[in-house]
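Notes to accompany the following structure.
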């Protein structure tokens with residue numbers, strides 16, 4: 001990350017659930033110096049996550065996803081995804097078992113009409129979600145949340161000057177004479193010849 005000449009269009013983004021064990025050297029200014037704390041999803045976010053996970057799945061009309069969003073407070077996106085995947089697997093397992101029964105019936109009674117209620121692509125019903133919720137769990141505990149919030153607060157307090165203000169013109173000591181040319185000279189002080197401007 002140091003010593004590169006071309007710094008344009010280079011973005012390094014990482015995610016971790018253990019910010020407390022990151023090497024402090026990599027958090028120095030000019031490196032990975034911007035940290036963003038993303039909390040657990042709120043109600044609207046949980047509803048959006050469930051909808052996104054189930055957008056291509058046939059859901060029964062009586063499945064109340066808003067209610068599922070409300071009772072899963074404290075669940076992460078991965079936890080919600082696990083619930084959806086388990087419900088889908090239960091529906092698929094039932095579909096496979098039903099298809100096996102139909103095939104056996106066809107072989108044993110070839111003259112018997114097929115069951116009109118048989119659907120090779122069944123819906124994911126309430127009972128599938130209810131069974132999936134029996135195994136649902138939160139992967140992030142309350143202690144973990146407090147630890148993350150304390151780390152984010154400590155990191156925020158250790159950086160910056162909260163009350164920084166430039167002095168007025170009379171207190172700066174340099175006055176305003178020649179300030180235009182001096183400002184231009186200072187702006188070019190660290191700009192090497194031929195080096196691209198990072199902010200252009």
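The first residue you see is number 1, and the count goes up from there.
A Cβ is built for glycine as well, from the same backbone N, Cα and C atoms used for every other residue.
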Between 119-159, 160-200, which stretch does TrEMBL give the note region 'Disordered'?
160-200
Residues of the parent chain within Cβ reach of the domain 'AAA ATPase AAA+ lid' (62-98), under 8 Å, 6 or more residues beyond its termini:
40-41, 43, 46-47, 49-51, 53-54, 118, 120-126, 128-129, 131-133, 135-140, 142
Structural state census, the domain 'AAA ATPase AAA+ lid' (62-98) (DSSP three-state):
29 helix, 0 strand, 8 coil
